[in-house]
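*Asks:* To start, I am sharing the structure in question, which I have written as C-alpha cells.
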C-alpha cells in the first residue's frame with residue numbers, strides 16, 4: 001500500500017505539471033512556467049468569489065434582494081451562495097502565516113487534491129480488496145475527464161476528502177475522527193449535510209445493522225449502535241448553527257438557498273432539468289448526467305445501499321435546482337461512479353490504453369477551463 005501511495009503522490013505532482021505544460025503549449029508564453037503562472041491556471045471562474053469572501057467575509061444584508069435575484073437578463077449574485085469553510089480556511093491561513101490569498105489557495109489545493117487521491121485509493125482497497133484493481137481505479141479517478149477540478153482552487157477536493165475519509169473512519173471505527181470530519185463536510189458545500197445519510201447507512205452496514213440492503217432490527221436497537229449513532233448528530237448541529245448565523249446576518253435562515261436564484265436556479269422536479277436549454281453546455285451536461293443515471297441504475301446490485309444512496313442524492317440535489325450548470329462538477333465527487341466505470345475498464349486487455357485515452361480527453365476538457373469557457377463552470 002505504501003508503495004502505491006508514493007506512486008499516487010508522484011502521479012499527482014506530474015498531473016499538475018502536465019497542466020502547466022499544456023497551458024504553455026496552448027498559450028506559448030514562457031511566463032506561464034512559474035509559480036504565479038500555475039496559480040493563474042488554477043484560479044478561474046468561481047475562485048473570485050472565494051477570494052472576495054476570504055478578504056471581506058460575508059456582508060450583513062437587510063434587503064432580501066441583495067442576496068440574489070434573476071429577472072430575465074438582469075441578475076444579482078452574492079457571496080451567500082457559497083458555504084464558509086473553504087474561504088474561511090484560506091482566510092485563517094493567510095492571517096496566521098501572513099501570506100496572500102493566492103499562496104494560501106495554492107497550498108491547500110496541493111494538500112487536498114493529494115489527500116483526495118490517497119483517500120480514494122485507500123477506500124478502494126477496503127471496498128474492492130484487490131490492490132491492483134484499487135490502484136487502477138485511482139489512476140482512472142485522477143485522469144478522468146472533468147476531474148481536473150480536484151487540482152483547482154475549488155471545493156471539490158475538500159468536499160471529497162472529508163467525505164471519503166469519513167467512510168474510512170467509519171470502517172475503522174474511529175468515532176472521534178468521524179466527529180471532527182463531519183464539521184467541515186457540513187460547512188464546505190450545501191449538499192454536505194445530506195451526506196450524513198449514506199454515511200450513517202454505511203455505519204449500519206459495517207455494524208451488521210444492514211445486510212444485503214435489509215435492516216436487521218435486532219442489531220439496530222442494540223445499546224452500542226444507538227449510542228454511537230449520536231455521533232452523526234454533529235452534522236445537523238453544525239448546519240443549524242450556520243443557519244442561525246445566516247439569519248443573524250441576513251434575516252434569512254437559508255440565505256445560501258435564496259442566493260442561488262442569482263445563478264438562475266430554483267426548486268424544480270429533477271427530471272424537468274434535463275434538456276431545458278438549447279446551448280451546447282446544457283445539452284452536453286444533460287446527456288452526460290443521463291449516462292451517469294443509466295450506469296447507476298444498471299449497477300444498483302453491484303454496490304451497497306449506502307453508496308447507491310450517495311449516488312442518487314448527489315445527482316438529485318443539483319438536478320432539483322432546475323439547471324444543468326456545473327453538473328460535471330457535481331458528478332466528479334460521486335466517487336462510486338468512478339469505481340464502477342474503472343471495474344469495467346479493468347477487464348479490457350489494453351486497459352492502460354484506456355488510461356491514455358481518458359488523459360487525452362482530460363486535457364481536452366481542461367482547455368475549456370483555461371479559456372474560462374462556460375463549459376468549465
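Glycine residues also receive a Cβ, built from the backbone N, Cα and C atoms like all the rest.
Source: prediction; values computed, not measured.
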*Asks:* Under TrEMBL, which of the candidate ranges 70-96, 178-204 is annotated transmembrane segment?
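*Replies:* Of 70-96, 178-204, TrEMBL gives transmembrane segment for 178-204.
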*Asks:* Give the nonlocal contacts of the transmembrane segment (352-370) in its own chain as ranges (CB under 8 Å, at least six residues past its ends).
*Replies:* 18-19, 22-23, 26-27, 41, 44-45, 139-140, 143-148, 152, 345, 376
*Asks:* Could you pull out which residues elsewhere in the chain have a CB under 8 Å from any CB of the transmembrane segment (148-172), counting only those six or more residues past its ends?
*Replies:* 12, 15-16, 19, 42-44, 46-47, 50, 83, 85-86, 89, 105-106, 108-109, 112-113, 115-117, 119-120, 122-123, 126, 142, 178, 181-182, 184-185, 188-189, 192, 195, 199, 202-203, 206, 329, 332-333, 335, 362, 365-366, 369
